[in-house]
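Note sheet for the following structure.
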Ligand code: PRX
């Protein structure tokens with residue numbers, strides 16, 4: 001195998017050719033026995049194995065309290081501090097001079113923090129936050145790009161028991177303000193600006209705009225990332241990060257003992273009904289699960305150099321750049337830049353130079369690597385790699401084979417990990433030293449996780465049939481609730497398939513999937529109208545309402561292109577428009593301002609009308625088929641079938 005022509009064709013199923021992990025991998029794997037039966041027999045006590053990976057101030061009384069479902073309490077009675085578990089205990093175990101974070105910035109700028117150095121800076125930052133007035137349980141919003149101050153401020157918050165709410169740095173001022181208001185957050189940690197592809201971006205002006213519209217009287221801390229390149233002036237209630245740390249030089253802060261179910265952080269994720277959802281994660285259950293899955297699935301060892309090439313602004317970075325790897329005492333790599341700057345071999349150059357052992361990325365990146373060609377990974381010695389991971393969307397067999405062949409030297413096992421912001425950590429994946437891999441299938445549920453695929457009547461579907469992906473049992477990494485909205489938590493995730501009168505509770509993931517005869521799961525994506533743009537969820541409703549807010553626009557429907565990265569916007573105007581280009585620019589601006597550049601439509605198609613059912617619902621499914629040049633399904637329910645041909649030719653003309 002080698003060239004693109006030789007790899008199997010695609011399809012939304014696995015390619016049936018299961019592959020065993022190589023003996024050399026199995027020999028050294030953290031987990032080399034199938035734990036499924038053991039976990040079945042001993043559930044829920046089996047999760048003690050996750051709890052044991054942490055150091056507790058007070059031991060937990062039991063593993064699970066399920067008295068009040070679906071509000072499960074993991075490790076009740078236990079108390080701990082997440083920053084202590086990610087830092088202090090490694091100093092005590094002789095790892096103080098071991099690298100905790102290896103950061104790679106723009107143009108080869110580099111910073112390494114040993115566990116000791118990270119401990120010092122986290123403590124100084126924690127002392128500074130206290131002095132600014134941050135108290136236990138205050139939500140601190142962090143709006144920082146991929147610079148070391150992002151994990152440092154997260155851990156400083158954790159140290160003083162203040163939940164953090166990290167907002168992805170690329171999101172707009174409006175998105176930041178909505179999230180701060182929703183969390184009643186009075187503290188903002190941000191920076192002057194940052195580099196992307198060599199250009200300086202102004203982050204502070206976005207933060208300023210957000211603060212103007214936030215209800216609370218906000219205290220802001222600003223990291224000076226760009227120095228003279230982007231001078232900024234601090235206003236009232238604004239503090240310079242570096243100066244604060246200097247004022248607290250070498251101070252230490254006693255880590256606050258938190259109850260296992262106290263909130264460690266909040267993470268906003270798009271919902272179908274517009275308002276973003278503030279997913280609440282616990283200190284004990286979440287951290288134990290992040291560490292356990294990082295050890296079991298990503299096979300992380302303390303002596304490894306491990307790289308998850310995601311952004312910490314999303315859950316993947318929280319669990320698998322920061323909390324999981326640091327809890328295990330490993331070296332975690334953080335990369336500020338993009339994979340193709342200054343050249344398309346940037347990632348492979350880093351893998352070679354740092355001798356990375358485990359590499360974890362998203363299929364959208366793998367597809368880009370494929371498009372660029374094998375010559376880029378071939379320029380480098382990637383033999384340090386032992387395991388590859390994939391997350392965020394289905395990885396099609398062709399991309400899977402390419403990844404294994406050209407990045408993994410034909411040898412590395414690949415873990416295709418399914419999970420969600422709400423699950424806190426990986427829930428479906430092969431265990432790499434144990435299970436066979438089937439390209440195109442994420443694999444079986446992890447030990448201890450019970451997946452059922454159901455039809456809309458909550459009846460299990462047969463192998464090969466598509467069903468709603470549901471989880472029958474709680475697991476330690478699960479969200480505790482939605483911030484300040486228990487009711488919405490139950491409504492969004494539990495109501496659909498649970499039978500509370502019978503005492504039966506079941507988590508609805510919102511994804512559809514199919515199982516094969518061996519129980520391997522092929523994930524088919526969201527069942528509702530959330531777009532997965534380059535691995536990030538964006539609600540179609542949020543997008544459409546941003547576009548429809550532009551003057552002159554009557555209605556909009558957005559769908560995703562089959563390559564997963566592109567947004568197509570179908571737009572009908574109010575009356576005839578002769579300046580489509582100007583209108584298109586205004587649409588793009590509106591999306592960038594209200595949601596952020598990641599959601600910017602690649603293609604805007606103007607149409608006199610959108611295809612609608614007789615009941616007036618836009619037929620998105622049909623637009624998806626048109627977008628992806630697929631045969632059109634049944635159009636008999638359409639009120640305006642004549643419009644379809646017009647839209648098809650408009651798309652072809654693009
Ligand atoms: O649709 C699934 C898809 O990403 C969704 C979760 O997105 P988010 O909460 O942003 O978390 C992303 C990082 C975990 C899921 O509902 N998804 C995630 N991993 C996979 C996947 N789809 C298919 N295969 C995966 N491995």
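Using N, Cα and C of the backbone, Cβ positions are placed for all residues, glycine too.
These come from TrEMBL:
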type	residues	note
REGION	1-30	region 'Disordered'
COMPBIAS	11-22	compositional bias 'Polar residues'
DOMAIN	41-86	domain 'Acetyl-coenzyme A synthetase N-terminal'
DOMAIN	95-474	domain 'AMP-dependent synthetase/ligase'
DOMAIN	542-617	domain 'AMP-binding enzyme C-terminal'
REGION	629-654	region 'Disordered'
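Secondary structure of the region 'Disordered' (629-654) per DSSP (helix as H, G, I; strand as E, B; remaining residues coil): 11 helix, 1 strand, 14 coil.
With DSSP states grouped into helix (H, G, I), strand (E, B) and coil, the domain 'AMP-binding enzyme C-terminal' (542-617) comes out at 25 helix, 21 strand, 30 coil. Helix, strand and coil residue tallies for the domain 'Acetyl-coenzyme A synthetase N-terminal' (41-86), in that order: 14 helix, 7 strand, 25 coil [DSSP].
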